[in-house]
Amino acid sequence: MSDADAGADAQGRSRPEVTDTPLRVEGMSKHFGGITAVDGATFEVERGTLTGLIGPNGAGKSTTFNLITGMLTPDAGTVSFEGEDITGLEPYEIADRGLVRTFQIARELQEMTVLENMMLAPKGQRGERLWRSVLPVARRDVVDQETELLDRVWEILEFFEIEHLAEEYAGNLSGGQRKLLEMARALLTDPDVLLLDEPFAGVNPTLERRLLDHIHELRDRGYTFLLVEHDMDLIMENCRHVVVMHQGRILTEGTPEKVKADEEVIEAYLGGDV
Amino acid sequence: MSTADSARQLWEADATKILVVLAAIYATYLLSGLVLGYSLRGQLNSIASLTFYIGVFATLALALNLHWGYTGLFNIGVVGFMAVGIYVMAFVSKPLYGSGGAAQVGGLGLPIPVGILAGMVAAALLGFVVALPALRLRADYLAIVTIAMSEIVRFTFLSSTFQQFQVPHTLAGDWTRVGFGGGSGLILDFPDPLLALIDVLGLSTVYDGLVGLVGTVVPNNPDPIVHSLVYGLVLLGVVAGYFWLLKRTGESPFGRVLKAIREDEDVARALGKNTGRFKITSFMLGCALMGLVGILWLMGQGAVTPNFFRPRLTFFVWIALIIGGAGSNTGSVAGGAIFAAVLYQGPLYFQNLVTSVFQPGDAPGSFGPAVAPLIANFDPVPFLLYTLDSVRQLQLVVMGVVLIWLMHNRPEGMLGHRKETAAAIPLVGRSEQGERTDADAVGTDPTPAGDASGGERDE
Amino acid sequence: MGFTESFTGPWRLTADRVLAAVFVAVGLLFLVDLFWGLLISGSISFSRLGSLAWDGLMRGLVIGLAGIGLSMTYSILNFANFSHGDYITSGAFAGWATTYLLAGLGRADVGSLLLVGAGGSVLGGALDIGVTTTPVAVVAGIVVAGVATVLLALGLDRVVYEPIRSESGITLLITSIGVAFALRYLIQFVFGSDVRGTTAAGSIPQLQLYFVDGVVRIDAHDVTLLAVTVGLMLGVHVLLQTTKLGKAMRAMSDDEDLARITGIPTERVVRATWIIGGGLTGISGYVFVLWKGTLGFNDGWLLLLLIFAAVILGGIGSIYGAIAGGLIIGVTASVSVLWIPSAFSRAAAFVVMIVILLVRPQGLFSGRSTA
């Protein structure tokens, strides 16, 4: 696929007919035994923006992520994506609709090379049907598609500037490189909204800058991001909309300025364990 | 040099390894037979049975590798699928009851290929039923479910309930007596499958010629020798077929998802893969392949009994797989061959050799009389005789110890971790892509599976 | 596994409920049929049901007692021990060698007695073995069965399991299959492959209990089995509830890393696990043989899958679960012959286990570890 295609792709992404809030969470709750991990969380993510989800340790951010992406099922409330109720769908069904996540601890597939990791991600691979991959004539199709995919993979590797690592086993990458790989891999699934779970944890400042630049560039191309982050300053500087969680509840949300001024937020952070 | 190139070299080295292993095994068998004065007939027979066991264990290890090595499904019910394979095949292909012969029950009288297909499909369907819980259970729970299933299968074929029963066999509603024979076994009274195959391929004259040729060196009744040797060769062909199929499965987008599932299923699901479907497909394919081995193992043996399918046979396959290294097809074949030659046939061959060369007297009937002389007057002979006589039990002790040793020292097996790339095309450095295709001897066919089987034949 | 286990979708949730409802309905159907047979059609006699249930209770107690050991190693050492069945066999042979020796000293040569009459050299019936006829030999046998299995378990742990303690549960499981092979066929090598009668069947005192429409027979060995197994179960209960060791075990089965950090001497807990588990397992093997009156090298292996079924049924890590699971499995296997051919009684037990795994994979007594 050429650059022009990629551009068209990005344009095609801005669908005017659907609402401007692809992801909505309403009244979502989750209990583990006696503990309420998420308590009636309600928020929205606006199209083409970076939305930050912050809060102290144990605020329920990761659980929120797991609930949105189907890794866990909420006890109450709904998650809707592009106007469709996706509450309780299987993770793969949610990912298939264009809502894709990364993990807090980068979960690269260690014994697969960077290229294999990347090739895994794209949707609609014909060769994922066993018979197509095995039968002699049908396999030709598969091989053709693989060749196309490989081109796309190279483009994205180059975008993230990790093409020199292409043949490395993912297990041999540094922490920061794994984060890049994970984001690149998620991007290959052709998502509309990307959920990044602490993408900057354990990443050195130079790489953090690079990652941020990539995220901003992708946002400009029409992607939507929801970031879980620990580092309040980072979120305040980069996000247009910020959601603050504390003890499972949404404390407040709004622009960074509004959130910064909020007494409760200051309380939560200074009184909390950060 | 790119990783793909070195991976290719590694593969070639692996293919060499298989051939070296096989050559070493055959050379050892032939030489020790020669040195100890085995007859030519004995030599040929031992080679034929060795080939047979190499064939069945290599194919079983390959099928198990698809489950465990590729997908991470811990199946210890292998015998259950084998049993269903041969029993359903017999059910379908045995001649109708009353068409002559000594069999207590008949079958549906359909052609052998139909029976083979039915056996494989039945094994795959059983696999589907077992794989449903597999989707949600931990690996060790699946282990217990599969082994329990294999025992249920064995009990079913053992039971007198299904020993014989009636089924309609024509649209007009004629009933015929069929069944699984119960504990006394089932006579497989269909025509000899190998000869039928040779007939269909139009190779009867070649086969007869071979019999004549062998007849010049082994004048007395060469037919069974040729038959078992040719059957062994057919099995090796099946090994090659399985190898090709699994290599092709592994080197594809399908295999890539399996690899991802084995490493971290959550990641595969977060990337939009319906991992349940992949696991079921992989499991069913492996089960069908196991069913086919069950058929190939027993259809030429004249009869089948349920107690052939005890769980220990499953563990034999596991040992074979672990010797070679789970995840590697090459390792599975090598492991199957080494297991068959060294651990499975080796001790019996050794016993045969020693018995035929030294012609020892009768062994004591139990442990007591065997050790008593050793303790009383340091006479080790009865104990040695007893040991030699107990080779069948001791070889299982040895297998157990080998398994423990492997898990301690070489848990990844002889050939180490799987390094085969999971893609339908070589995943190489971008700059090298062009050069590679030109330099590649089989450049027109980019599928690595193509070179793989080709490479094997070249060697 | 993490997410994978906690994960549930709406489809799955309803499918679960449907599945559970179907199984409950099938269970009720059996109950209705049972009552119908007992009360209305009279096709099942109360005494037959009683005899089968009693037989099932006996098997269940053996399975439950052996299951405690399996459940403990499963939760504390984190692997399914496939050699557990052969620990049972080892205990049985060690104990019965002792019993033969004490009961037959002077009547047969020591070697034959120690080999438990391998090759038919001595017959248990001829030695008149039984709990009433040779009580000392039986009690000594029970003790030796326990002690020998403890020593075996500790020895094997040191040589085989300790070096790979940190490996995955699957690695340990495969290793334990190797141990099972080696043990079972060594036993066969030494003691032979024949199944021998061990007790003097004719001279065991028997009680005929009248039960509605017939009799249920209970003999002295039934009572011995009941007393020994229930006594040991109570003992373990007291031990785990009242001692520091019990607390440490619970902590370890919950979270091993946490236990290590909080200073619980994990290796000592591991040793205690093998000692308690091994002892109970060996004794269960002995009383099982005393009860059924025969001994063969395959006995423990044949029990193993039923024990696994019991442990999974009850919830791994719970000793009460193992006992309850054992009783359910034992009674299911015995009573199932009312409906299905006896060839399928073990299959019925497996089916119950698979059903439980499908509907409630965490087991009936989950969430309560070890005690």
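Cβ coordinates are placed from backbone N, Cα and C, and glycine is handled just like the others.
Heads up, TrEMBL stuff is auto-annotated, nobody curated it.
For B:426-459, the entry in TrEMBL reads region 'Disordered'.
Annotated transmembrane segment per TrEMBL: B:18-40 (among others), in sequence order. Nonlocal intrachain contacts for the transmembrane segment (B:18-40), taken as residues 6+ away from its ends with a CB within less than 8 angstroms of a stretch CB, comprise 46-47, 50, 54, 217-218, 330, 333-334, 337-338, 341-342, 349, 353, 356-357, 459.
Residues or ranges marked as transmembrane segment in TrEMBL: B:46-66 (among others).
The transmembrane segment annotation in TrEMBL covers B:73-92 (among others). Beyond its flanks by at least six residues, the transmembrane segment (B:73-92) meets 60, 63-64, 67, 107-108, 110, 112, 114-116, 118-120, 122-123, 126-127, 130-131, 134, 139-140, 142-143, 145-154, 157, 178, 180, 186, 188, 190, 279, 282-283, 286-287, 290-295, 297-299, 304, 306, 308-311, 313-315, 317-318 of its own chain at Cβ-Cβ distances under 8 Å.
Look at TrEMBL and you will find B:112-134 (among others) tagged as transmembrane segment.
The transmembrane segment annotation in TrEMBL covers B:141-162 (among others). Distant neighbours of the transmembrane segment (B:141-162): 73-81, 83-84, 87, 126, 130, 133-134, 179-183, 306-307, 309-311, 314; these residues of the same chain sit at least 6 beyond its ends, with a Cβ under 8 Å from one of its Cβ atoms.
Listed by sequence, the residues of this chain that lie at least six past the ends of the transmembrane segment (B:225-245) yet keep a Cβ under 8 A from its Cβ atoms are 41, 44-45, 47-52, 54-56, 58-59, 62-63, 194-195, 197-198, 207, 210-211, 214, 218, 289, 292, 296, 300, 329, 333, 336, 449, 452-453, 456. Among the features that TrEMBL reports, transmembrane segment is placed at B:225-245 (among others).
Same-chain residues lying 6+ beyond the ends of the transmembrane segment (B:283-304) with a Cβ under 8 Å from its Cβ atoms: 55-56, 59-60, 62-64, 66-67, 71, 73, 75, 78, 81-90, 112, 115-116, 119-128, 130-131, 134, 181, 185-188, 190, 192-194, 231, 235, 238, 242, 245, 249. If you look up TrEMBL, you'll see B:283-304 (among others) marked as transmembrane segment.
For the transmembrane segment (B:316-344), the list of distant contacts is 11, 14-15, 17-18, 21-22, 25, 28-29, 50, 53-54, 56-62, 64-65, 68-70, 76, 78, 239, 243, 246-247, 250, 395, 398-399, 402-403, 406-407, 411-420: same-chain residues at least six beyond its ends, Cβ to Cβ under 8 Å. Per TrEMBL, transmembrane segment is recorded for B:316-344 (among others).
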